Amino acid sequence: MDLQRFNFLIMTTQGRVATMSFMSLDHAQKVDLAKTGLFFHNNLIKCIGCRATMDRVDARRVKRHTYSDTCVSAINALVANESLRKRSFASFKWARRQFGSRAREVDMLSRRGFYCVGKRLRCAGCKVVTTCVSVDGAQRAHAADCAFRRVFDVDLDACALANVVRVDLPPPRLEPRPSAPFDAAVSECKVCFVNEKSVCFLPCRHLVVCAECSPRCKRCCVCNGKIASRLSTIPQ
């Protein structure tokens, strides 16, 4: 493969996964690596968004790259992928200790753009770094123009949800639709434009001519296919 085609290939996640076809990893691992910009070339794992290179898949270096604040590809993946941000809270010892029994807060923080890196929280949108472990504190740390600043949660408790389910909503109003007017041009013979089409050509199965014009046709008027036989139908 020439260099130009290879450069186009690694521009997409699927293309970067394709470069890892010879690596002894399962498909899910390859996709995770490719989403953060990594691809395989000349026996090295490289990144399209930064200068990171690895001669093998090193879990610690991969984790550091995945949650990097300098790699363009990794940052884009974190901005777009809430589950990737959420996964960071299980990837660092400090986060596991702080949020091990606070799954709801992890959901709320990752929804607001935050992910864990080391012993801090960082926003994928505005790049702000905070040591706050509360949702309110982290939310206040956002930059004023951060896209994640105005995220909020809709909380329906079990009682409210049950009330919504029990509501007897009226059926939707169905407006009668006027029937479409008959279009004579649709059913007329495509040869004489007078009679109604009633002969189906086989094997192409195109219904385009009337019984009078059918014998004159050696090939189908639509697909130009050779007519093997004809099937007469009842005009509509």
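Every residue gets a Cβ built from N, Cα and C, even glycine.
Swiss-Prot lists 85-150 with the feature repeat 'BIR'.
The annotation Zn(2+) binding site is assigned in Swiss-Prot to CYS123, CYS126, HIS142, CYS146. Spatially close to HIS142 (Zn(2+) binding site) yet at least six residues away along the chain are ARG112, GLY113, CYS123, GLY125, CYS126, VAL128, PHE148, ARG149, judged by Cβ distances under 8 angstroms. The secondary structure of HIS142 (Zn(2+) binding site), as reduced to three states from DSSP, is coil rather than helix or strand.
Sequence annotations record features per position, and here Swiss-Prot assigns zinc finger to 189-223. As a whole-number mean, the pLDDT of the zinc finger (189-223) in this prediction is 85.
Other than the site residues CYS123, CYS126, HIS142, CYS146, same-chain residues with C-beta atoms no more than 8 angstroms from the centre of those residues' C-beta atoms, the Zn(2+) site, are GLY113, GLY125, LYS127, VAL128, ALA141, ALA143, ALA147, PHE148, ARG149.
Compared over the binding-site residues CYS123, CYS126, CYS146, the count of CB atoms lying within 10 A of a residue's CB peaks at CYS123. Shown for the zinc finger (189-223): DSSP residue counts in helix, strand and coil, namely 3 helix, 9 strand, 23 coil.
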